[in-house]
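Visitor: The structure follows.
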Amino acid sequence: MSSPATSAQSFTLNTGAKMPAIGLGTWRSEPGLVAKAVEEAICAGYRHIDGAWIYRNEPEVGEGIRNSGVPRSELFVTTKLWNTFHKPEDVAKGLDESLRNLGLDYVDMYLMHSTLSITLPDKPYEGIPECDPQVDFVETYKAMEKLLETGKTRAIGVSNFSQANLERLLANTSVVPATNQVELHPYLPQPKLVEFCKANRILVTAYSPLGSTAEFNLRDDPVITEIAKARNVTPSQVLLAWGVKRGTVVIPKSTNKERIIENFHLAGITDEDFAKINAITHRARFAEPGNFFGKAYQGMFGFEEA
């Protein structure tokens, strides 16, 4: 049986809201190109845009949303609380700053970017940040729960949380995260984490679903290219279809109009194709905080072992 070759699919959150299965990721999107990419994505049919304060492009994301001409009510917008806003008294400030950047009254999803709290340097985007172990991510999340009462976010969730992180969070807070956004692709499938989230009504969102050409090119994997050739689609379309068939949201990043459109149209992959991809044994991870913040941060994001 083939999965449907559709891009209109959505998943239901534990809040009852619908979250589109495919979103446009904006991490590491080139400055000056983001606004146009967001506009083109929305005009191509995307209704889900994923961003974050730390991406440094929220104003461009907001510009693209406005330029698309599509009513705000038809869009699902996600942004994230950066690690420098983890103190409970700073959480609301973090959301307010993102809303100002985006030019929006509310977001549909607000995520804690990771469990890690770091001190805010004098120049927020410069230098090596310092970990602040005095701030407990459980207390940060409790402050996020209060944001729901303001109407400035419709749902809250987490990112880069391991099963152990989630177990502790669920045991000490009231609102079950609507989603856990983590790195997921055939080289890092994290099946135990995905199943745990499903069992606890937490929708999983996959970032870097196509991997990274800088580190490892999933699109050159022989299993992926074989399926793509057989189905007359691109390797990227196969990878995204695999992610959605697993029951996860995928947020591929691109500023190229043709690729944006291509990524939006899922391939129809069979159960046999799906099984072949699941059988890939090569393991690799792209998003490791030690690569960005230095060796002291190695392993700080919560991941199932690769």
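Note: Cβ is positioned from N, Cα and C throughout, glycine not excepted.
Unlike curated entries, TrEMBL annotations are predicted automatically.
Pulled these from TrEMBL:
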type     : residues : note
DOMAIN   : 22-280   : domain 'NADP-dependent oxidoreductase'
ACT_SITE : Tyr55    : active site, proton donor
SITE     : Lys80    : site 'Lowers pKa of active site Tyr'
BINDING  : His113   : substrate binding site
Visitor: Give the distance between the Cα atoms of His113 (substrate binding site) and Lys80 (site 'Lowers pKa of active site Tyr'), rounded to the nearest whole Å.
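Guide: Rounded to the nearest whole number, the Cα-Cα distance is 6 Å.
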Visitor: Across all chains shown, how many C-beta atoms besides its own are within 10 angstroms of the C-beta of Tyr55 (active site, proton donor)?
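Guide: Cβ-Cβ neighbours of Tyr55 (active site, proton donor) within 10 Å number 19.
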Visitor: Lys80 (site 'Lowers pKa of active site Tyr') to Tyr55 (active site, proton donor): how many Å between their Cα atoms?
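Guide: Distance (Cα to Cα, whole Å): 10 Å.
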Visitor: Name the residue among the recorded positions Lys80, His113 whose Cβ has the smallest number of other Cβ atoms within 10 Å.
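Guide: Sparsest of the recorded positions Lys80, His113 by Cβ contacts within 10 Å: His113.
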